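Enquirer: Taken from Swiss-Prot, the feature (1,3-beta-D-glucosyl)n binding site covers 146, 147, 148, 149, 150, 151, 152, 153, 195. Taken from Swiss-Prot, the feature divalent metal cation binding site covers 157, 159, 163, 242. Sequence annotations record features per position, and here Swiss-Prot assigns compositional bias 'Polar residues' to 81-101. Per Swiss-Prot, disulfide bond is recorded for 120-131, 148-241, 220-233. Residues or ranges marked as N-linked glycosylation site in Swiss-Prot: 91. Annotated region 'Disordered' per Swiss-Prot: 81-103, in sequence order. The annotation motif 'ITAM-like' is assigned in Swiss-Prot to 15-18.
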């Protein structure tokens with residue numbers, strides 16, 4: 001049997017035939033398998049890399065979306081809070097008694113012609129039986145009236161020519177400013193009344209008119225230097241508060 005196998009491998013001249021074809025096929029199959037493994041590893045690396053990139057992009061997208069929603073919600077809440085201010089905010093904007101009493105005219109007239117008394121609150125000056133506060137808070141006539149009320153007083157009421165002279169000395173050092181007093185009227189044709197409802201004495205002083213053709217509703221009064229003028233009640237100006245001297 002061995003002899004027959006050897007004979008089959010001999011050619012016509014008696015040389016042995018080598019089976020190179022089977023070996024070549026085996027080598028090619030091995031090379032092909034190695035190539036497939038290398039290619040598979042290469043694509044697997046690419047797939048893993050792409051998967052990681054997609055995951056990162058997904059995380060970034062989620063974070064940005066969440067941030068955008070939070071900012072939008074915050075913006076809406078801010079608009080709501082600005083559009084509908086709370087009552088506390090309005091209350092905080094109101095002047096306190098301390099700020100009202102501190103807002104006095106810092107002039108020489110106050111220290112030379114006015115007298116500070118322990119019977120009056122700080123920054124108030126004394127004249128006869130009354131205390132006076134010359135406020136530098138700019139407000140309308142109604143607003144100034146409320147400020148004085150908060151301090152337990154009222155807008156200035158002039159009862160005599162002597163009191164008018166005293167007040168004129170205090171405000172004459174402020175020629176650029178006018179001061180609301182407690183004199184007003186409901187209509188142009190109606191009489192001038194003080195806050196307590198009493199009428200203005202005709203022989204005490206005359207009210208100078210500032211009425212123009214465009215606007216005739218000057219129904220509040222202020223003092224400028226030594227004269228009294230009518231004026232629009234909505235105009236913002238300084239004011240004078242008065243209250244009786246404490247015994």
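Any Cβ shown, glycine's included, is placed from N, Cα and C.
I'd like to know what surrounds each of these features in this structure.
Expert: Proximity of residue 146 ((1,3-beta-D-glucosyl)n binding site) to non-local residues of its own chain (separation of 6 or more, Cβ distance below 8 Å) is seen for none.
Within 10 Å of the Cβ of residue 157 (divalent metal cation binding site) there are 17 other Cβ atoms, across all protein chains.
Under the DSSP three-state reduction, residue 131 (disulfide bond) is assigned to strand.
According to its DSSP assignment, residue 148 ((1,3-beta-D-glucosyl)n binding site) is helical.
Within the same chain, residues at least 6 positions away in sequence whose Cβ sits under 8 Å from that of residue 233 (disulfide bond) are 140, 141, 142, 184, 219, 220.
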Enquirer: Count the other Cβ atoms sitting within 10 Å of the Cβ of residue 148 ((1,3-beta-D-glucosyl)n binding site), across every protein chain shown.
Expert: 24
Enquirer: If you count the C-beta atoms lying within 10 Å of each candidate's C-beta, which of the disulfide-bonded residues 131, 220, 241 ends up with the smallest number?
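Expert: Counting other Cβ atoms within 10 Å of each of the disulfide-bonded residues 131, 220, 241 gives the minimum at 131.
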Enquirer: Rounded to the nearest angstrom, how far is the Cα of residue 120 (disulfide bond) from the Cα of residue 150 ((1,3-beta-D-glucosyl)n binding site)?
Expert: 15
